Amino acid sequence: MVAEVCSMPAASAVKKPFDLRSKMGKWCHHRFPCCRGSGKSNMGTSGDHDDSFMKTLRSKMGKCCHHCFPCCRGSGTSNVGTSGDHDNSFMKTLRSKMGKWCCHCFPCCRGSGKSNVGTWGDYDDSAFMEPRYHVRREDLDKLHRAAWWGKVPRKDLIVMLRDTDMNKRDKQKRTALHLASANGNSEVVQLLLDRRCQLNVLDNKKRTALIKAVQCQEDECVLMLLEHGADGNIQDEYGNTALHYAIYNEDKLMAKALLLYGADIESKNKCGLTPLLLGVHEQKQQVVKFLIKKKANLNALDRYGRTALILAVCCGSASIVNLLLEQNVDVSSQDLSGQTAREYAVSSHHHVICELLSDYKEKQMLKISSENSNPEQDLKLTSEEESQRLKVSENSQPEKMSQEPEINKDCDREVEEEIKKHGSNPVGLPENLTNGASAGNGDDGLIPQRKSRKPENQQFPDTENEEYHSDEQNDTQKQLSEEQNTGISQDEILTNKQKQIEVAEKEMNSKLSLSHKKEEDLLRENSMLREEIAMLRLELDETKHQNQLRENKILEEIESVKEKLLKAIQLNEEALTKTSI
């Protein structure tokens, strides 16, 4: 089941386990992470806990008591009723008062979906607690002690490495390299690396020496291990890599070095968190910016289907939400429970984030509307319409021209038929017309006879011819004006197309310039990293040289002391011999 959604409470607002410290006594440190390392045990002088309170707690918790408190295990008395259930009302009040510690402290609450923390009960932060080793002197042999404390002369270390196996493990499966890297003893680390010890050995929590060095923020040891080929993609029992711990510690230098040596920027831990999602979850804004520049996947999902944007909204981090929205992330993506980032913001009452999301949606809608109303498409439509008009006008002109000879032919045929019917001019037609009809061969004889007539023999008046010629002139003028208009429109289309081509060329040039800038930026970053590594190497060489000088001075002092002692012994012996004589 997916837990209810609410915003993560601030560290100051989280209630610590309400009176349980004083009443539980010594068990408080074992069960509650908030009490570990605080130095305030709240125990009396006897160091015992309040038995009466523990009895009431057992009776109310029932069967969950054995899971949660070591003092109840193996007692044989479960204090469970006949139903075998615990007091739900008591557990509800306990959860509400304890807040986020409830899921860490009580196994009965883990995975139940009834956490009062909302989404934050899902992730176990115990992987990032107590990064340094807890070391007891009696559990370590000579080599491991020397690696941990680092206050042993180099000669003695070399002798130890000859006599013992440098890859030997202690009870917690730690090698000398683990201990030296976790405690920042770079001289011991360098000596072990020069002797070619195993780099990727796992301790009892499946962590390598590189992971421990990153976790404990020992930068010098990290660089040494990476230079000698340590694997940065090995996952511990929580699924975290060295990059996860660098992001959690907000150590940009270590993150850069790990990525430079091939660390996977998209590796997921057991909670499904990539380094970017972990940075968002822990509200590490500077590291999130760095990972975005390194092109981390902004659409990666955790095990509950939540994106970086949804996690940022649930955390209530408006700055990270704004940073992600600048990268044009998908606002409408849903997690496994079917909720979006906006729904989480509304349910958590994050008004600033709601405004950011609504403004972003409005901008996206405006972009989509502007893309739909594309000027290129409008120009194409106008050019197509104009070409169709031109075609129609061209088709109409030959039709008019072809109709005129057909009308003339029909008239000539009618005249010939009338002549044949009435014989020799009964209607009183002019002689030249009948002679032309009889002398001509069919239609061809009539048409030239019409053309050769003089003005006095014409049947139609001059006004009709003038009107006909004026109509022809008007038609030609119209055609010329249409041709001029089409020519102007074509010129406009050509100019628009030229403008579009120029705009497209400018866009291409800008994109190319941006890509060149990005490449230059990447090259600069690589050169900067190489310079930083070179500077670190120089510092390491200087420290080595200084240490060698110190060792030489110490050896000289030891030899001088030995000589003085030998002289003193000789003098004492001579004095003894004299006294005996």
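Placement of Cβ uses the backbone N, Cα and C atoms for every residue, glycine included.
Quick look at what Swiss-Prot annotates:
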COILED    489-577  coiled coil
COMPBIAS  377-392  compositional bias 'Basic and acidic residues'
COMPBIAS  401-412  compositional bias 'Basic and acidic residues'
COMPBIAS  476-494  compositional bias 'Polar residues'
REGION    369-494  region 'Disordered'
REPEAT    172-201  repeat 'ANK 1'
REPEAT    205-234  repeat 'ANK 2'
REPEAT    238-267  repeat 'ANK 3'
REPEAT    271-300  repeat 'ANK 4'
REPEAT    304-333  repeat 'ANK 5'
REPEAT    337-366  repeat 'ANK 6'
State the non-local partners of the repeat 'ANK 1' (172-201) in its own chain: residues 6+ outside its ends, Cβ under 8 Å from one of its Cβ atoms. 132-133, 135, 139-140, 143-144, 146-150, 154, 157-158, 161, 166, 207-210, 212-213, 215-216, 218, 220-221, 224-225, 228-231, 234, 540, 543-544, 547
Mean predicted confidence [pLDDT] for the repeat 'ANK 6' (337-366): 88
Reduced to three DSSP states, the repeat 'ANK 3' (238-267) has 16 helix, 0 strand, 14 coil
